[in-house]
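Features reported for this protein in TrEMBL:
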REPEAT    156-190  repeat 'PPR'
REPEAT    191-225  repeat 'PPR'
REPEAT    226-260  repeat 'PPR'
REPEAT    261-295  repeat 'PPR'
REPEAT    296-330  repeat 'PPR'
REPEAT    331-365  repeat 'PPR'
REPEAT    366-400  repeat 'PPR'
REPEAT    401-435  repeat 'PPR'
REPEAT    436-470  repeat 'PPR'
REPEAT    537-571  repeat 'PPR'
REPEAT    572-606  repeat 'PPR'
């Protein structure tokens with residue numbers, strides 16, 4: 001198939017039709033469509049299959065060495081291509097002059113006129129250098145066509161890669177794939193840089209499947225990916241939360257003999273951390289050190305964040321201690337996380353010391369730092385310090401954001417200061433910061449606590465009147481206010497309104513009804529919404545399971561859980577416990593075990609309660625051997641409270657009337673307690 005170049009279209013445009021930049025854009029838009037259609041034929045999938053077939057038929061004699069260096073003509077010899085001699089090189093060329101001349105071109109005749117002055121004067125190497133310096137994707141495409149059609153230069157992997165880079169930077173995906181097809185048809189094989197460019201561009205654009213397709217073609221054609229390619233794909237896997245693919249890519253990287261660098265290790269540690277696979281994350285950290293790769297701020301930060309998100313605050317603190325011991329530089333993100341960790345542990349003094357010591361450490365205190373410290377003070381009920389820090393922000397040149405204002409609003413809620421909370425809302429609105437649902441729901445709650453029921457109702461109705469996005473937090477706050485005021489009819493009417501599609505989203509309505517304990521209403525709305533495909537948030541399933549479990553509806557808990565999994569949502573540890581408990585009450589031990597094992601297999605960290613429950617279920621159903629195996633496994637992992645594990649196993653033995661074994665486990669617990677560290 002003959003490949004249509006941009007010039008074949010460009011040349012058909014009347015000389016007076018376009019001018020300047022508009023001409024370049026309009027003309028090249030036409031030519032890129034033609035190239036894309038020619039390269040892709042009619043359908044993108046057919047084109048990709050065709051490219052694959054052509055690329056696979058590689059000839060060892062025509063393979064191109066993967067290198068970023070530009071070629072040059074040795075000894076002045078002119079390479080021959082398609083019966084034409086290449087121009088002789090001229091080492092006295094001013095490329096800047098040519099580039100400036102090209103900037104004003106917008107038609108084929110103009111580009112021909114500029115380049116005709118240099119015919120026979122530019123070596124292939126200089127021509128590729130010129131092409132590389134032309135950053136406009138449309139002009140670089142046209143210049144490449146001139147090279148191959150009128151300039152007498154051979155099609156080259158180097159020139160194609162440059163044009164491909166520019167085209168993909170402009171997000172012209174169809175055209176980029178068409179260029180690869182054109183390369184192959186012109187006898188130019190894609191090299192490592194070609195594939196890396198494609199993978200990186202598609203990946204950064206969120207086109208993960210396309211990036212993987214080019215990675216597969218790269219492997220199929222015997223081109224070994226380099227570290228950068230693997231690193232790009234691993235990071236992309238993390239962005240789309242494809243944990244298994246990331247691990248697979250990392251394994252391939254190691255198997256190929258490529259040594260991971262700091263960026264790859266950080267990506268994988270971050271991945272393991274988000275999957276709550278702390279043992280694997282720590283193992284990678286040790287591997288890094290053994291390979292002589294020193295962890296940096298990012299390495300430690302991702303570990304701290306992983307532990308903090310799972311409420312493993314002591315472990316997060318230990319990582320920070322190691323960071324400081326190693327002398328690794330701190331940044332604002334790390335300090336902010338540790339200030340929050342200190343607050344969670346009740347270590348207000350340590351949080352203060354780090355906050356005020358950041359200047360000496362050379363770390364800037366940003367708005368997140370102030371927000372975090374104000375929150376720490378608030379949770380410690382040090383309200384004077386919290387307000388003092390809030391008022392000092394603007395003096396320090398740090399402008400409050402909505403998180404700041406919401407945190408301060410919660411401080412006013414702690415002391416039921418309705419007047420100052422109302423003034424704060426006016427300040428927020430006048431400052432140009434948009435209040436959100438949390439802002440308004442907190443204020444409505446304050447009005448309810450202080451008996452200002454009319455103000456709460458007026459604010460709620462005004463939000464609905466101006467079509468403010470109403471979420472379940474706002475509805476729940478207003479329902480509580482009505483009930484507190486004794487306006488049960490109003491509360492009931494509001495809950496009934498939620499069951500009509502026009503009042504709120506189905507997710508919002510179900511969440512409000514569930515949190516209000518309205519079992520029948522929430523259940524009916526959930527079933528109808530699930531059937532129509534309107535349940536889109538995992539919180540709906542969680543709130544329904546909580547509601548049903550609290551009402552001892554085990555069979556319905558199981559039903560909602562199965563619908564949850566059918567919708568590709570995973571439960572968290574809390575819901576996992578509720579579901580396992582429901583299966584146990586229904587006498588379905590194997591199903592409870594499946595939930596437990598599936599969660600573990602997918603890398604989710606389960607609470608201690610889930611492990612104890614599984615052990616007890618084994619015991620209750622007479623599978624003492626399985627309970628013993630789990631007991632030994634949990635002991636070896638060492639992530640849980642040793643005493644509680646032993647006590648759980650001891651209870652299993654007691655219920656099985658194996659009192660001697662129960663006594664042995666209890667004695668083992670005592671010995672481990674008294675063992676030296």
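Cβ atoms here come from the backbone N, Cα and C positions, even for glycine.
TrEMBL does not curate its annotations; it predicts them automatically.
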Within the repeat 'PPR' (331-365), residues counted as helix, strand or coil by DSSP:
23 helix, 0 strand, 12 coil
Grab the same-chain neighbours of the repeat 'PPR' (261-295) for me: Cβ-Cβ under 8 Å, and only residues 6 or more beyond its ends, written as numbers and ranges.
227, 230-231, 234-235, 237-238, 241, 243, 246-247, 250, 253, 302-303, 305-307, 310, 312, 315, 326, 328, 602-605, 637, 639
Would you report the average pLDDT that the model assigns to the repeat 'PPR' (401-435)?
95
Going by DSSP, how much of the repeat 'PPR' (191-225) is helix, how much is strand and how much is coil, in residues?
26 helix, 0 strand, 9 coil
Just to be sure I understand, if DSSP states are collapsed into helix, strand and coil, how many residues of the repeat 'PPR' (156-190) fall in each?
26 helix, 0 strand, 9 coil
